[in-house]
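**Q** Shown below is the structure under consideration.
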Amino acid sequence: MRRPVVMGNWKLNGSKTMVAELLTGLNAELEGVEGVDVAVAPPALYIDLAERLIAEGGNKIILGAQNTDINNSGAFTGDMSPAMLKDFGATHIIIGHSERREYHNESDEFVAKKFAFLKENGLKPVFCIGETEAQNEAGETEAVCARQINAVIDAYGVEALNGAIIAYEPIWAIGTGKAATAEDAQRIHASIRAMIAAKDAAVAEQVIIQYGGSVKPENAEAYFAQPDIDGALVGGASLDAKSFAAIAKAAAKMKA
C-alpha cells in the first residue's frame, strides 16, 4: 500500500509572522492525524524558521523546498544546493514545476539533472510534470507526461524513480480555479503508472503520483478515492492551516 503524501507549495508567499502562524496552526490541526505524510515547501528564506517551528510542534510535518541547483557549492550566484537543504532538514524538494519551466526556461533535460543530483544527495525529488491547456485540448497529455518522465528514465534508468514522487499538475489548472475531474485525473495517473510499468512493474507499483491543480477541501476526497492518486501537491489552499489540514485528513481517510 502506497502511503499518501500531501505537500504544500507556498510559492512566493510568506513573512515571518505568516510562517509562524501557519505552522503553529498546522501543528495543532494535524494533532492525532495518521496515515498520511504532510510536507511543506516554504520560500528559501523561511526554511530555517520553518525547521524550528516544525521541531517545536513535534515534527509532524516534513520540511521541503521549492528548488535546488545541480551543484553543491561554487560560483553559482543566487542558487541553493542539496547540501544546504539537508543542513536545514529539508528532504522533499520540488523540481520541474511549470513555473520554473516557463519563467526560468528549465528544460526536461535540466530537470532530469536536478532529479539525479537530489537522489545522489539522499533527498526525495517531487518531480512535477503536466501539460498546457493547448496540449490538453490537442489530446497530447499522455505524450507530454511521458516525454517529461522519459527525460529521467532515458538518462538514469527507470530505477531512478524508486523513492521519488511524481506530481501531475495540468498547467491549465494551477491557480486558475479550474481543475481536472477526479476521473480525468485518475485516467492520466493510470497512464503514467502504466508507462512506467511497461519498463518496470515493481517501480511503477511503489511510485507516489500526486495530483496538483486547484485541490481544495471540497474536492480532495473525490481525488483521493481514485486508486492511482496517491496524494496532492497543493498551492493556494496550503496557505491556510485549516484548509490544508482538511486536505491531509481527506487523504488519510480515503487511503486508510
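A Cβ is built for glycine as well, from the same backbone N, Cα and C atoms used for every other residue.
According to Swiss-Prot, the substrate binding site annotation covers ASN9, TRP10, LYS11, GLY175, SER214, GLY235, GLY236, on the basis of sequence analysis. Residues annotated as active site, electrophile in Swiss-Prot, with sequence analysis given as evidence: HIS97. According to Swiss-Prot, the active site, proton acceptor annotation covers GLU169, on the basis of sequence analysis.
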**Q** Which chain neighbours of the substrate site, leaving out ASN9, TRP10, LYS11, GLY175, SER214, GLY235, GLY236, have a Cβ atom within 8 Å of the mean position of the site's Cβ atoms?
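**A** Close Cβ neighbours, site residues excluded: ILE174, VAL234, ALA237, SER238, LEU239.
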**Q** Checking the contact step here: among the recorded positions TRP10, GLU169, SER214, GLY235, which have a Cα within 10 Å of the Cα of HIS97 (active site, electrophile)?
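**A** The recorded positions close to HIS97 (active site, electrophile) (Cα within 10 Å), listed in sequence order, are GLU169.
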**Q** For a quick check of understanding: given the listed substrate-binding residues ASN9, TRP10, LYS11, GLY175, SER214, GLY235, GLY236, what is the maximum Cα-Cα distance in angstrom, as an integer?
**A** 14
**Q** Which secondary structure state does DSSP assign to ASN9 (substrate binding site), in the simple three-class scheme?
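**A** Assignment for ASN9 (substrate binding site) reads strand.
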**Q** Sorry to bug you, but what's the C-alpha spacing from GLU169 (active site, proton acceptor) to GLY175 (substrate binding site), rounded to the closest Å?
**A** 11
